[in-house]
Amino acid sequence: MVASLSGAQIRQTFLDFYAAKGHKILPSASLVPEDPTVLLTIAGMLPFKPIFLGQREAEVPRATTSQKCIRTNDIENVGQTARHHTYFEMLGNFSFGDYFKEQAIAWAWELSTEVYKLPPERIVPSVFEEDDEAFAIWRDKIGIPEHRIQRMGAEDNFWASGPTGPCGPCSELYYDFYPEKGDDKIDLEDDTRFIEYYNLVFMEYNRDSDGKLAPLKNKNIDTGLGLERMAQILQGVPNNYETDLIFPIIETAAKIAGIKYKKSKAKTKTSLKVVGDHVRSVVQMIADGITASNVGRGYVLRRLIRRVVRHGQLIGIDGAFITQVAETAIASLEVAYPEVREREKIIKTELEREEAQFLKTLNRGEKLLGEIMAKKPKQISGKDAFDLYDTYGFPLELTQEIAAEQGLTVDEDGFAKAMKEQQDRGRSAHKTIDLTVQSALEQLAATVHPTDFLGYTDFSAKAKVAALLVKGETVDQASAGSEVQIALDQTPFYAESGGQIGDRGYLNGKDVVVRIEDVQKESDIFIHYGRIERGTLEVGDKLTAQIDLACRRQVQAHHTATHLLQAALKNIVDESIGQAGSLVAFDRLRFDFNYNQAVTPEQIQEIETQINTWIAEAHTTETEVMPIAEAKAKGAVAMFGEKYGAEVRVMDVPGVSMELCGGTHVKNTSEIGLFKIVTEAGVASGVRRIEAIAGPAVLEYLNVRDAVVRDLSDRFKAKPEELPERITTLQADLKTAQKQLDTLKAQLALVKSEQLLDQAEPAGEVKVLVSQLEGVDSESLKTAAGRLLQKLGEGAVVLGSVPAEGKVSLVAAFSPKVIEQGLQAGKFVGAIAKQCGGGGGGRPNLAQAGGRDPSKLADALDDAQKQLLAQLK
């Protein structure tokens, strides 16, 4: 009989088993891989890939992990099959040049049969068709009959990292759910009978460019056991979704929807499974610092959240619900990943924001798509799909998914064509790019040798003019007053790159002076943008290139300060923070980073203190060029999305910060002087921005602030230290005055409202009064409605107003006789508010609502009166 274990016990049992076999238990790597070329962690071996590829030495000979993974290539199959997921955990044991094939197979068998207690007769191993060694081990060492060992082709049982490099055969373990069907017809493709639960990869070859295989000096083992699959087997449930890893989330969603999973139809069960799977994905992604966006892994997150919301609606959930199911997921995952509980607030805030935003999109888009499908087209046109995307933010894949439910397809080619046409229109309308100059620069890059950059060590250098442009055309010479673009054979001028601005300075010749305002890079050519102040400049002229040293020093101070800022953010705010962009100028720095909430004032102060401490400690900075694999092995931070060559420049502030960076920096942190954060704000969904200053700019900033404080002291006739108390007193006085004004407004509203009693119209046994009051706030409106109903006796009162803030306010008050006739104030006023672009509700006898469009208020009130009179007569 198989062991009856929870998902958490299966995970811990696996790790403990291999720890007892000399493996070091390592924590799961982030879902955000170190390698910026990979979007998400998709396999248990990915964190060890540099070791398998020979790019990094292993710190231990044996390791075991439970690795969180996300794959979305089969997202449409999630919920449709028993075992497809976007989020899953891969339990793995790894050997780096230590044990190999025989030991890996023996331990996999021992774990399966003695620890998890799987019946041996239910386990079917597969091997690569040419791997006689593995076949013999299964037959002779383990004792599996030959006819049960399945030989498979390279497509199924041979692993490779690419067309060249380390590779090798693998052996997979399958569990047989129906052994009574016999061994004479073993078909591992029959996934209703067999489930692959453990894969053993034997990396023993290196494939060269000719496709030839040569034995590796150090042979490695890479294995993966699917946690969800093993849970299905040991817990005796029909699919992965009904294991204790996922089913509690499904039950939470079903409870919110008011349904029972077991009694639901297949379509409803599919939606519940999608919610159960995707919620685990989004919780882990946000916990690892990913925020929703329209690009890269941020878009994967956004798409998963949107699928959760939509499938929630498909099972009958009306409104927000995602944080409730996320809480169940967090409670399950925190056993192995405590960071999900630590970052609970961040996770739920991001989910709430995305859900609210998408609900608006979904309601509008589904309505329009429904209208399109009601016309019974053979296919949703590309233009219609693009209009939904462009006007309402309705994603193409969601249009495809909804259309597929009705048996329709979407014209993807037509969508792509409409998208391209819009992009072409945008490009043709964009007049800011000088295409002539750009074309000339591109031609220049094809004919001029790359510029030799000397600026890391030299601030002045001899140089020769390699090419010269004026007004987008290459010329042989240019005279005083000309705006020019100059290519030199070598230069100390830094070209704008990595967020750092280009250097300024001068080019001085025998009879010519050129002021350089900017330097850009076209391929590997440094283009110096400037103006000839004196003389004539010719191609071939020899010049002295001199950068503005004061400006460079300020830029360097700001650049090193930017590195310190990122280190401080990781230390103080969240270690998962990553750079999303930057600007390093002589007068300021700007740092964009992935984070979905404001950095608190207390954290800002702590960050400033930490950075100024590092500055005062006078850390020597170090730069070194090394292979990218070595840099990553040392822990150097890379910016996602940046493309790096085989060799990279590493800027290190020992013990503080280490980043891949091609910019210029101070030699010692003490050269920065001072650091001050000026602003912190959000600039996009999930992206925050800090603007800061360093060095002399801080003193200038403080002088300006000091002048402002002195001015305020004079105005308020208070010492600087007394200003907060003085302002607090004035605010309290203003608040008191506002309350008095509100009271007067309410009294005036009551006086005005009582003048409306004559407008009440009889409707059967009750009276109906619907009217608009000018400039009355919601509370005063509520008071007036209650007073009017009291005066009317039995009746219905609906009042509307547009207060000073410019939004619609509505109140409905119904007497018992009105309610007896089937009308409820909450539902009625909510429906009326929708006409004004809003909503609301409340009790049957008294309710409030609001709207965004004051221009629709008069029509909405007119409609309310007609409805009440018609229903109450």
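Glycine residues also receive a Cβ, built from the backbone N, Cα and C atoms like all the rest.
Look at Swiss-Prot and you will find His559, His563, Cys661, His665 tagged as Zn(2+) binding site, backed by sequence analysis.
Locations of recorded Swiss-Prot features on the structure.
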{"residue": "His559", "record": "Zn(2+) binding site", "Cβ neighbours (10 Å)": "25"}
{"residue": "His563", "record": "Zn(2+) binding site", "Cβ neighbours (10 Å)": "25"}
{"residue": "Cys661", "record": "Zn(2+) binding site", "Cβ neighbours (10 Å)": "26"}
{"residue": "His665", "record": "Zn(2+) binding site", "Cβ neighbours (10 Å)": "27"}
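Listed in sequence order, the residues Gln556, Thr560, Thr562, Val584, Thr621, Met651, Glu659, Gly663, Thr664 complete the 8 Å Cβ shell around the Zn(2+) site centroid, once His559, His563, Cys661, His665 themselves are left out.
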